[in-house]
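Written below as structure tokens is the structure these notes are about.
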Amino acid sequence: MLQSLAGSSCVRLVERHRSAWCFGFLVLGYLLYLVFGAVVFSSVELPYEDLLRQELRKLKRRFLEEHECLSEPQLEQFLGRVLEASNYGVSVLSNASGNWNWDFTSALFFASTVLSTTGYGHTVPLSDGGKAFCIIYSVIGIPFTLLFLTAVVQRVTVHVTRRPVLYFHIRWGFSKQVVAIVHAVLLGFVTVSCFFFIPAAVFSVLEDDWNFLESFYFCFISLSTIGLGDYVPGEGYNQKFRELYKIGITCYLLLGLIAMLVVLETFCELHELKKFRKMFYVKKDKDEDQVHIMEHDQLSFSSVTEQVAGLKEEQKQKPRIATTSWEA
């Protein structure tokens, strides 16, 4: 008997705080996913980093042996300056791109990466004025971009998602939930094909040093706004039609970002995902809502009664004023 009572009380306790338990498991799962990613990246990339370090040490030692007139501090000073310039997008290699990093098309591409929060990092402002303007430009431009994307995605979603689902539901009598799921899957497949696979094939042809995997990697890193900057198109040696190519990439990033947001919004509108998200939200207490409503009603009722009492007093005072004026 006691065990059944204890079990029922535990069940009631869990049900009462179900949202908090789900949120706790969500936080724990996210932390474990972070740790899992760190373990995998470390185990996969650390051996390659070690090999690269050993190779660089051998090259440095061999170079100093072949050039005895050059000391190690001088070489490190030169390499440090070269690496610093490379971080700003300037290379000293003879086969590097001879194009400027801050012509109009490159600046337009940079502005799009800033406003979309992609931020490849291959080109950064050099001057203090450029850095200050980048801060002000981003503070105004990023919320402006969010407003622009929200408005565009809302309009596109109406024509691409809501109307087709409603049409098949009303015209053919299919279940709305089933039509929404099938439509979301098809829309995701079309988006992945048009903005990942096809552009990856195009980039693998236009970029000499990129294979299909690297091109697909660039598309995903860009449209997910991660923007690592290890692969940036249009920076190769003697790139043909570079200005037009940069403008095309800018348009691709904006259109791809809109398409990704439309797909995300389409999946978020699914009934099953809405129910799943509500598991982690804080539920409103009905008693608190009723208390607020009653307090509001009491305040409004008291204000009404005060107004009525004031009107009655004014009506009582009017005859008195009239009689006094008549007697006068």
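Note that Cβ sites are derived from N, Cα and C of the backbone, with glycine treated the same way.
According to TrEMBL, the feature domain 'Potassium channel' maps to 95-157, 192-268. Feature annotation from TrEMBL assigns N-linked glycosylation site to N95. Under the heading transmembrane segment, TrEMBL lists 21-44, 135-157, 178-203, 215-232, 244-264.
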Highest-contact recorded stretch vs the transmembrane segment (215-232), from 21-44, 135-157, 178-203, 244-264, CB pairs under 8 Å:
178-203
Non-local residues, at least 6 beyond the ends, that sit with Cβ under 8 Å of the transmembrane segment (135-157):
111, 114-117, 257-258, 261-262, 265-266
Helix, strand, coil residue numbers for the domain 'Potassium channel' (192-268) per DSSP?
54 helix, 0 strand, 23 coil
For the domain 'Potassium channel' (95-157), how many residues does DSSP put in helix, in strand and in coil?
42 helix, 0 strand, 21 coil
